[in-house]
Amino acid sequence: MIRFDAYNILVVDDTPENLELLTQILAMQGYHVRPAINGQVALHTIQATPPDLILLDIIMPGIDGFEICRQVKANPDTHDIPVIFISALDDAENKIKAFEVGGVDYISKPFYPEEVNARVATHLALREMYRELQEKTAQMQEALDNVKTLSGLLPICASCKKIRDDHGYWTQLEKYIERHSDALFSHGLCPDCLRKFYAEIREVHAGNNALAAPLPPKEGAGWDILVVDDVPESLLALTRILEHHGYHIRPAINGQVALKAAHASPPALILLDILLPDMDGYYVCQELKKDESTRDVPIIFISALDETIDKVKAFQTGGVDYITKPFFPEEVVSRVEVHLNIATMKKRLQIQNTQLQQEVYERKHLSEILQQQNHDLAAFSRMCTLLQKSLTEEDSYHILAEVCGLLFPGSSGEVFIADSNQNRLRPALSWGNNGLRHQSLEIEAFTRHYNQQLTTPRRSHPPYFIEQEKLCLLLCSGDKLLAVLMIMLETPASEEEWRQIILAKEMIITSLIEHYTLALLNLRLRETLKHEAIHDPLTGLYNRRHMEVTLEREAYLAERHKHSMAILMTDIDHFKRFNDTYGHDAGDVVLKEFACLLQHFFRREDIVCRYGGEEFLLILPETSLDIATKRAEHLLQRVREWHVSYRNQQFSITTSVGVAAFPQNSIHIQEVIAAADAALYHAKRNGRDQVVCYEKTE
């Protein structure tokens, strides 16, 4: 739907009353109106900001309306602006001159508001249609330009090459059309100008086979016009006028005959009277516009009815113009020629578009395939970039889900990760909401099912199977299953549809699976190296290196937030004697079991580290000296009740604990550690199996 409130209209009239009235009429319709009191002001305004349409008086001081129109049409920036003359001059000579200088319509004063609004709306709509056709032609030309990049990928027919290599052909054609008709849907073609126009079009057209239909010969030869009038004298006069200019005329004495004739063989144009004996011209026009075969035939009403309401109704029912009886032969011929050429140009543009669409279709399809491949490659590239930046395996799950969403828009899916023992596949991440299951799977059962459902050779890339409208992709390292990716499309796909998708995307899917598998192995290796760098290999506790970094961090936080932090130093009593008696293997078992006890006994936020040998250090954030001492006492009691099993033997051990706190004992963390170590030494010297707080040893 065209929104006329967005249009800018220039009204030029030297009579203030007319200027004010026209401004009010148009403003009430929502137009933005710019008044000009004379030709000089009008030209300056047009040059500064070209309007969408001009209402132009003829008789004005200085520059008359005809000269203003000539200058507007001579300027490439303004030549396509529709100009409607509005004047008290009502003779045929001035009307014809108005069309010759480039006007698209002519309204006689005194004017009717309804007629002004109807004609303005009609020509704005026609201009909008022309712009749309220009845009469509430009789009087709752009599509052809894009085809050039596909050279060598597909065979290109000779006609397509000819169109493609003929640089600027369409631009030249449009320039000739605009230069001579002012706007495609205008009334600016007089017979002499039309003949010149055809000659120049032939120059552009020569050597090209893009436009199959030949241009018409001079004047009206070959055009078929249906003239409908119940007055024999008018029918005869119109027939003689038009036949004199080379048109082929089919007369009709009433509406019924006219409808039958038009449906049997649609004419190029219809001249239609309103007052007919069996049905009026409005009804005839409405019936013709309902039929697809006659919908685009231009209809010019020609009637003795001169009321505004009649003219407005004529345009509303689908008429393209209105001629008042008694008519001037020159005006009839001029308007007929204009509308025939408007219809011709519309058909030519449609033919061009159809031909371009046919020529471009296969190449456009190939272009879409290439665009899809570029899209898929961009998604794959994004995955590679993000995986390089990812720090954890969990991050990689989200990256994989995002890329699958790009490769399969609207899909749902789930990532299953095999546990370290190769027993189960656990759901790690899902996306979408198509009802995929979120339960772990037994790897042995899954592998057995996979071998039964296998639709490709075992060593195919990527290994997959299709089940219940889901695609199951396997991520393997050698014979080891690492992960399974399940995908379901927004619109469920059959097995055959999935195969077609995989065939089209096999390269990108294979690359994705291989690259993600490698990234997953690298992330796991990185995690293993990181774990080994900060953990004790025997007990799995944090090692001394990580302990030192953690102590600095926790001491900083304790000082910043004014909290206490306790340090517990503990070791296993008589551990050397135990080692010498039962051997190092038994000693290692005791160390591992004791480390496990410490991890389970203390809070999650407490940090348990192996200090060295049989000594362990515990960092207790936000814990005072008194609370830490009580926890140490509870630990001793738990150890006394605890037993270690080794080779069918039960062993009991005891432990000693030294306690110190930051900042009670010192504001320097190394001094706090030394205080806890001194307290531990004091506990062992006093008989072991006891807790000593550093304050009690001072």
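Cβ atoms here come from the backbone N, Cα and C positions, even for glycine.
Over in TrEMBL, the protein carries these features:
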- 123-150: coiled coil (COILED)
- 8-124: domain 'Response regulatory' (DOMAIN)
- 224-340: domain 'Response regulatory' (DOMAIN)
- 563-696: domain 'GGDEF' (DOMAIN)
- ASP57: 4-aspartylphosphate (MOD_RES)
- ASP273: 4-aspartylphosphate (MOD_RES)
DSSP-derived class (H/G/I helix, E/B strand, else coil) of ASP57 (4-aspartylphosphate): coil
Structural state census, the domain 'Response regulatory' (8-124) (DSSP three-state): 53 helix, 23 strand, 41 coil
Distance from ASP273 (4-aspartylphosphate) back to ASP57 (4-aspartylphosphate), taken between C-alpha atoms, in Å: 29
Tally of DSSP helical, extended and coil residues in the domain 'Response regulatory' (224-340): 54 helix, 23 strand, 40 coil
